[in-house]
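Listed in TrEMBL for this protein:
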type     : residues : note
REGION   : 1-36     : region 'Disordered'
COMPBIAS : 1-10     : compositional bias 'Basic and acidic residues'
COMPBIAS : 24-36    : compositional bias 'Basic and acidic residues'
DOMAIN   : 94-581   : domain 'Amino acid permease/ SLC12A'
TRANSMEM : 98-119   : transmembrane segment
TRANSMEM : 125-152  : transmembrane segment
TRANSMEM : 173-194  : transmembrane segment
TRANSMEM : 206-225  : transmembrane segment
TRANSMEM : 232-252  : transmembrane segment
TRANSMEM : 299-319  : transmembrane segment
TRANSMEM : 340-359  : transmembrane segment
TRANSMEM : 379-406  : transmembrane segment
TRANSMEM : 441-458  : transmembrane segment
TRANSMEM : 470-493  : transmembrane segment
TRANSMEM : 513-534  : transmembrane segment
TRANSMEM : 554-575  : transmembrane segment
Amino acid sequence: MAEKYDEEKSAVGGTGYSNGDSPHFADTHETKEPWTRRFVDSFKRDPNAIVSKPNEAIDPHTGAPVGGHGGFDHAAAAERTANSGLAKKLKGRHMQMIAIGGSIGTGLFVTSGAALAGGGPASLIIAYGIIGILMFCTVQALGELAVAFPVAGSFSAYSTRFLDPAWGFAMGWNYAIQWLVVLPLEIVAASITLDFWPGAQDTNSAAWVTIFLIVIVSINFFGVRGYGEAEFVFAIIKVVAVIGFIILGIILNCGGGPNGGYIGARYWYPNTVAPDYAGYTVGGQAPGSIASGSFHNGFKGLCGVFVTAAFSFAGTELVGLAAAEADNPRKSLPTAIKQVFWRICLFYMVSLTIVSVLIPYGDGRLLGASSTDAKASPFVIAINNAGISGLPSVFNVVILIAVLSVGNSSIYGSSRTLAALAEMNQAPKIFGYIDRQGRPLVAIIFASVLGLLCYVVAGGPDTAATALNWLYSLSGLSSIFTWASICLAHIRFRAGWKAQGHSLNELAFRSQVGVIGSWIGFILNCLVLVAQFWTAAWPVGYGELSASDIAQDFFLAYLAAPVVIAFYVPYKLWYKTPFMKTSMMDVDTGRRDLDLAAIIEADRVEKAQMPKWKRIYKIFC
C-alpha cells in the first residue's frame with residue numbers, strides 16, 4: 001500500500017515516501033489544483049498510517065497461540081503504535097513550553113486557595129513539595145521511555161508492552177476518559193470565569209460556551225502544529241503572569257503596595273491580627289483577629305492538600321504523549337523533561353510560598369462557589385487586598401487563558417490516546433483513522449462532539465453543577481493511576497532491558513533519578529490514593545454529615561477507581577493476557593534512531609568540546 005501511495009504522489013508532482021518518519025502528503029504536495037480540492041484531500045486517510053494488519057497472536061518464543069479468545073498480538077500492537085502516521089511537527093520550543101506550562105491551570109491559580117483554606121500554609125507548602133518530588137520522578141521515568149520509544153499513546157503503550165496488555169487497556173481508556181470529560185468541564189469553567197466581570201453575567205452562558213467550543217475545536221483541526229503553537233502562546237502568557245505575581249508578591253509582603261504595611265510571616269502564626277492600615281480588609285472584614293496559623297485541620301487537612309496538589313499537576317505528562325509527534329524527540333524531549341524541575345520549583349513552590357504569606361487560611365473568599373471561581377483565586381485576592389485596581393481583571397484574563405489551554409489539551413490528549421488504543425485493537429478501529437495531515441481525524445471529531453456536554457449550563461446552575469460534579473469524578477483520580485503506571489512501566493522496562501543483554505549506555509536519555517526515583521514516584525502515588533480514600537470516606541467534619549452525603553462525597557472523589565477496575569478485570573478474564581515477563585518484552589520496536597551507538601558517541605564528543613559552564617547547564621537544562 002505504501003508503494004501505491006508513492007506512485008500516486010509521483011503522479012501529482014509530489015515526493016513519495018515509505019516510512020513513518022517521512023513528511024506527510026500535505027507537506028510535499030506541489031500542484032496547481034484548487035485549494036478547495038487540496039483542503040478536501042487533506043482529510044482523506046493516509047495509506048501509510050496502516051502499517052500492519054491484525055495477526056493471530058503467536059508467542060515469538062514458543063510459537064504457540066497467546067491467550068484465550070484470539071489472544072493479544074503484542075508484536076502487531078507495538079508495530080502499529082510505532083508507525084501510526086501521526087504528523088511529526090512539534091519543534092523543541094513547543095515541547096519545552098508544553099513541559100513548562102502544560103499543567104499551569106486552575107489547579108495553581110484557583111484550587112490552591114481551597115487547599116490553603118483546608119490545610120493552612122505549612123500543609124500547602126509541604127504537600128505541593130512532596131507531590132513535586134513525585135512528579136519529578138515520574139516525568140524523569142517518562143522521559144527515558146519516551147526518548148527510547150516515541151510511540152503513539154505512550155502511557156497505555158508502555159503499560160501494554162512492559163506490564164500487562166489488560167492494564168494497558170485500562171490505563172488507555174482511563175486516560176482517554178479523563179480528557180474526554182475535561183473538555184466540557186473546562187468550557188463551562190471558562191464561562192464561569194467570565195462571571196468575574198459584572199457585564200458578562202448578563203449574557204447567556206450558552207453563548208459563551210459556544211464561542212469557547214468553536215475556538216478549541218478549530219485549534220485542534222489545524223493539526224498538531226496548531227496545538228503546539230497555541231500551547232506555546234498560552235504557556236508564555238501563564239509563565240509571564242506567574243513570574244510577575246512572584247515579583248509583585250515580594251513587593252506587597254514588604255509593604256510596597258498602595259495600602260502599604262509590612263506583612264512578613266504573620267499569617268503563619270495562630271490567630272494573628274490583620275494589618276491595620278487604610279483600606280485593608282480580610283474576607284470583607286475590618287482589621288482584627290483572623291483565623292491563621294501554619295496548619296489547619298491537622299493531619300487530615302494535610303492529606304486533603306496532597307490530593308488537591310496532585311490534581312494541580314495533572315497534564316504534566318502530556319509532554320510524553322507529544323513525543324510521538326516531535327520532529328526530533330531525542331534532542332527536544334530531554335531538554336523539556338529537565339525543565340519540569342524548574343517549573344515545579346519556580347511556578348509552584350515559590351508562587352505558593354508568596355501566596356501563603358499574603359493571605360491567611362481563614363479568609364472566607366478562598367472557598368468560592370466552585371473550583372473555577374476566579375474570585376476565589378488566592379492570586380486575585382492578594383492583589384485585591386493590596387488595593388491595586390485593574391490588575392485583578394488582568395490576572396483573571398490569565399486564568400481564563402489557562403482554562404482554555406487545558407480545554408485545548410483535552411482534545412489533544414483524548415484523541416491521541418483513542419487513536420493509539422485503536423492501533424492496538426483496544427478501541428473501535430475507526431478511531432485509528434489518520435488523515436494526510438497526520439491528524440487522528442475521527443478521534444478529534446469524537447472528542448469534539450462530547451464537548452457538546454458543555455450545554456448543560458442551559459439547564460440552570462443547579463443542574464449544571466450536579467452533572468459537572470459527576471463528570472469530574474470520572475477523571476478525579478485518573479492522573480494518579482497514569483503516573484503510577486509510568487513509574488512501574490519504567491521499573492519493568494529497566495529489568496527487561498538488562499535481561500535482554502542491553503546496557504544503560506545504549507539509552508540516549510536516562511532518568512536522572514534512575515529506578516530508585518521510579519520506586520519513590522510509585523510509592524508516593526500509592527500513598528496519594530490511600531490519602532484520597534481516607535479523606536473521601538471520612539472527610540473533615542464527617543460527624544456532622546448524613547450517611548447519604550458521605551456516600552455521595554465518597555463516590556464523587558473515588559469514582560475513577562472502580563472505573564479502572566471495570567475496564568481491567570473483564571479484559572483480563574476474556575483475553576487471559578499474561579503479565580509481561582522480561583523475556584517477552586519488546587525493547588526494539590519503535591526506537592526511531594537505529595544507529596544509536598554512533599549518535600550517542602557523537603553527542604559525547606560534542607559535550608566534551610563544550611565549555612565547562614555549558615556542560616553544567618546541560619545537566620540541569
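Positions of Cβ are set from backbone N, Cα and C atoms, glycine also.
Count of Cβ pairs under 8 Å against the transmembrane segment (470-493): among 125-152, 206-225, 232-252, 299-319, the largest is for 125-152. The stretch from 173-194, 379-406, 441-458, 513-534, 554-575 that makes the most Cβ contacts under 8 Å with the transmembrane segment (232-252) is 379-406. Taking every recorded stretch in 173-194, 206-225, 340-359 and counting its Cβ pairs under 8 Å to the transmembrane segment (441-458), the highest total belongs to 173-194.
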